[in-house]
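K.L.:
Got a structure for you, written out below as structure tokens; questions coming shortly.
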Amino acid sequence: MGTAIRKEVLALFFWLKVWVSICILVGCFAFMSFSVWRFHENEVLGLNNPIVIIPGSASCAFGRSGYARLEPPVQRVMYGFSLDWKNDTPTALTTRLNKLPPAVVNAWISFDNNGFNGQSASDLNWFGYETFLLGVGTILEITMVPLVDMSTITTATFTNIAQICASINSKYAVPILLRLGHEMNGNWEPYGQRPTEYVAGYKSMATILRKYTNLTAMVWAPNIGTYYPYASPTAYQQIPPVGTADFKAMDTNSDGVIDEADDPYGPYYPGDDYVDWVGISLYWYPTTFSTVPTPATYVHDAMLGTGPAINTVVDANYNLALHNFYNRFALQKNKPFCFPESGAPVIRNGTAAGAAELNVKQAWWQQTLSASNFATFPKLKLVVNFEESKIQDTYVQDWSQTLNPTVRVAFVNDISTTYRSALIMGSQMTFNCDGSVTMV
């Protein structure tokens, strides 16, 4: 064999080995990437713990338990938190709670027919996944905020939301409390104080949702009606024009004027067949910076629409029975009641809160979770605290119960001892495809 031919053969073998080595290397990388992808996919999909939902099947049909969807079958109260998801997660919160997982975590997302306002279905999926990481027993509350009036939301949009909820319910075994269009009786949202449009949209969402899952419950939660109709010349939404269907619906005493004498809740109620849970947003705002704890009967009076802490705001000449939210919508309609968002903030004007922060916040949770309130309001099944700090009206408002170490220690101690037997935290519930809850 000539020298030239031998060189060509050796070169061929060299490049053949190079090619084989490259193939092996690429194959190894591909296998490693596939393994990581498979691990990630299995983790994200929650494949180890799905709930099989068969729409229309007898096993998943609602109504067998005698309770509302996702209502615990005991006279105890779930405790939850509304998180700042940009800076916090349910897992981090649970760590701060000394490994006591919350029963509910709330997330916010806005939407219209074009999507989720810079977010996506992946963000909703992520909320579900983060809740799933706590293990079985924690419910995800999703506050869905329409960016437009409800009359413009299409069936396709509601269907997409329903399918996302059903997917989270199934693959993560995470139930959802869907709070659609919260505080609709207020004038600070584009869908606010438009009762006929709101009721029609809410009914549409509930009807579509129930075709897909009973593990998502519909929550109806107006704002506390003490200051209704919240008239302000700078409000986002003004009173509907006289003579319109919305004006007629809001003018409940037919005197031609919408004022404090009108019903702050009834015009916005979608109906018993569409609402699973009822609730109100309730906060205590200190009148001076950081120094004024919640008045002794504030929570009690707010739920009933009358009492020492409320009568200074609502004139006795008004029909206070209309303001008795608890009796009208929880007791008489046999609906579980919740505070889907609540709290008492420390309001700072550039200075540290000091000892007053504990005073303000502890007064709130001790009143909210008091034995007398539980006895008076047996339909109270959920309290969600606004667990974040934000700038509002140029001041820092800090609602959190776990971010300040001093406040956190006192809070964890109270919920672990004084109130523990009356509370439901995460890991104490399991969920069934018919929407029923089993205590463990």
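In case you wondered, yes, glycine gets a Cβ from its N, Cα and C as well.
The transmembrane segment annotation in TrEMBL covers 12-37. According to TrEMBL, the domain 'GH26' annotation covers 61-428. Summarising the annotation, TrEMBL assigns active site, proton donor to Glu183. Here TrEMBL flags Glu341 as active site, nucleophile.
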K.L.:
Out of Glu183, Glu341, which of the active-site residues has the smallest number of neighbouring Cβ atoms within 10 Å?
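P.N.:
Each of the active-site residues Glu183, Glu341 was scored by Cβ atoms within 10 Å; lowest is Glu183.
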K.L.:
Would you mind reading off the Cα separation of the residue listed as 'active site, nucleophile' from Glu183 (active site, proton donor), to the nearest angstrom?
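P.N.:
So the alpha carbons of the residue listed as 'active site, nucleophile' and Glu183 (active site, proton donor) sit roughly 11 Å from each other.
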K.L.:
For Glu341 (active site, nucleophile), name the DSSP secondary structure in the helix/strand/coil scheme.
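P.N.:
DSSP assigns Glu341 (active site, nucleophile) to strand.
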K.L.:
Please report the DSSP secondary structure of Glu183 (active site, proton donor), reduced to three states.
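P.N.:
In the DSSP reduction, Glu183 (active site, proton donor) maps to coil.
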